[in-house]
Amino acid sequence: TCLWKRKRSFFKCARSAQSQFVQGKGGSSATACERGSCVFGQAAGLGRLQSNRVKKNTNFFKMLVLFETAAGYAIFKVLDEQKLQEVDSLWKEFETPEKANKIVKLKHFEKFQDTTEALAAATAMVEGKIGKSLKKVLKKVVAKEAHEQLAISDAKLGGVIKDKLNLSCVHSPAVFELMRGIRNQMEGLITGLPPREISAMSLGLAHSLSRYKLKFSPDKVDTMIVQAISLLDDLDKELNNYIMRCREWYGWHFPELGKIVTDNLAYCKSVRKIGDRTNVATSDLSEILPEEVEAEVKLAAEISMGTEVSEQDIGNIMHLCDQVIEITEYRSQLYDYLKNRMMAIAPNLTVMVGELVGARLIAHAGSLLNLAKHPASTVQILGAEKALFRALKTRRDTPKYGLIYHASLVGQTTAKNKGKISRMLAAKAALAIRYDALAEDGNAQMGVENRAKLEVRLRHLEEKGIRRISGTGKAMAKADKYQHKSDVKVYDPSGDSTLPSSSRKRKFEEVEEEAKPAEVKAKKVKKETVAKEPEAAAAAETEETPKKKKKKKKQQQAEEAAAAAAAEEAMEAEEEAPVVQAAEETTEKKKKKKKKAKEVEED
């Protein structure tokens with residue numbers, strides 16, 4: 001019976017709790033079931049809490065709406081709060097401007113003075129801060145009606161407004177739908193603001209805001225550098241073609257002028273001033289050419305070998321000269337523009353490698369940011385991709401430099417050190433590129449310091465300052481100074497002639513005189529050797545110590561060498577003696593023959 005009573009009471013509690021939950025009058029679990037074991041009582045309590053929350057949310061729709069536009073801040077007042085309860089079908093109420101005006105009404109519009117103020121307000125809202133213009137609007141309009149709530153699209157901004165201005169803010173899906181509807185019918189809801197002005201201010205604010213987000217300055221547009229360096233190269237090619245055509249064309253009429261005036265601009269200005277070569281004598285070229293060159297041109301014009309041309313031909317040639325002069329002036333102007341732009345965008349890279357090389361590196365990579373992503377090894381051979389892949393294919397040495405070869409630091413080194421300097425320059429240039437692309441300040445101090453280090457290193461390489469491998473490693477290896485010693489050789493003219501310079505008689509006399517002292521010397525040497533032999537024997541007897549024996553041996557060897565030399569000299573003297581005697585006999589025979597010939601003639 002107890003179980004049956006418990007089941008009966010349980011079903012009664014369940015029915016009452018269910019009815020209360022459906023009607024929205026759910027009580028607490030204690031009132032629905034005294035024992036507290038009924039689950040439906042708890043469900044009834046939760047139903048009452050949810051219904052109370054819905055009632056609270058329906059109360060806040062008596063409110064104001066803060067709507068941000070590119071032209072200014074707009075404050076709308078909600079007229080029909082009941083429509084906002086149906087979130088899914090709220091978009092239907094903003095299909096036309098007439099329907100939208102029945103739900104919301106413009107209360108106040110604060111217009112921005114210029115794009116700068118709009119950018120400041122937009123950046124403040126992006127960062128979740130209250131700008132000056134927004135604070136002014138909220139104090140002026142919303143604070144007067146403090147009992148009304150403010151609907152906003154950003155929850156973070158609502159928290160800041162509540163803290164600083166003590167205003168209750170609302171952020172919910174219904175507010176999102178309301179903002180979407182107001183944005184759709186903004187032109188009809190905000191009066192006194194033409195659509196063209198709204199679109200123009202929206203476009204300007206969008207560009208300014210994107211630049212601010214990317215921390216992007218219009219002065220740092222590297223696209224201008226890419227276009228400028230490409231145009232500079234095209235102008236150089238066209239100028240070369242035009243000048244070659246001008247020299248060849250006018251050369252038929254005055255060919256000597258092209259050899260005298262080598263500068264292209266001066267040549268075109270001279271042709272423009274002269275016209276026909278017969279006018280050279282009367283034309284003044286002092287502003288274009290130096291005095292010596294002007295005099296040479298006037299002299300060459302009088303004896304020129306060129307053909308005669310018509311006035312129409314001269315007119316076309318002068319028109320071509322005008323084109324060359326104009327293009328040359330524009331090229332110098334474009335170069336100055338490129339130099340200034342490079343110093344503004346990449347000052348450190350400009351200091352390291354120069355304006356033209358830096359601009360070509362940026363153009364080859366596509367942009368400064370793309371170039372900053374390249375490692376130093378890629379920067380070193382940038383521009384030599386064809387040679388690199390050819391070397392990899394044929395398994396030969398890869399190139400050591402590309403566009404960086406034209407930098408002044410690489411150009412002033414010897415061929416032996418170009419590879420080392422290009423590698424070091426590429427490493428420092430890669431750092432400079434990244435600093436220019438990603439740093440906020442645009443000074444060139446880092447580039448100047450790195451260039452000074454490279455110049456010091458270059459000086460060490462040129463002076464062959466190699467550090468020691470062992471030892472302290474700081475001391476430089478000492479190299480002996482090179483002193484140039486030149487031996488001046490005098491030309492001997494005696495070997496030019498093949499004829500004998502003296503007669504045979506004088507030769508024989510000279511041979512006789514040389515033979516006599518040779519014999520005397522040989523005799524003296526023999527006497528000296530004979531005298532030295534007993535002395536050496538006596539010395540050998542007296543010296544007994546081992547040291548003296550060594551000395552004795554050395555002396556004996558020296559004496560034997562001297563004796564051998566003396567014997568050779570004596571043998572040479574003996575060999576020369578019969579030669580002299582034979583020469584004397586031949587001379588005597590010749591004399592006898594001459595005497596006999598004279599006697600025969602006398603007879």
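Backbone N, Cα and C define each Cβ position, glycine as well.
Here the structure is a predicted model, which means the values were calculated and not measured.
Features of the protein shown, as given by TrEMBL:
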COMPBIAS  477-490  compositional bias 'Basic and acidic residues'
COMPBIAS  514-535  compositional bias 'Basic and acidic residues'
COMPBIAS  558-568  compositional bias 'Low complexity'
DOMAIN    345-463  domain 'Nop'
REGION    472-603  region 'Disordered'
Confidence over the domain 'Nop' (345-463), expressed as mean pLDDT on the 0 to 100 scale, is 92
In DSSP terms, the compositional bias 'Low complexity' (558-568) comprises 11 helix, 0 strand, 0 coil
Per DSSP, the domain 'Nop' (345-463) contains 86 helix, 0 strand, 33 coil
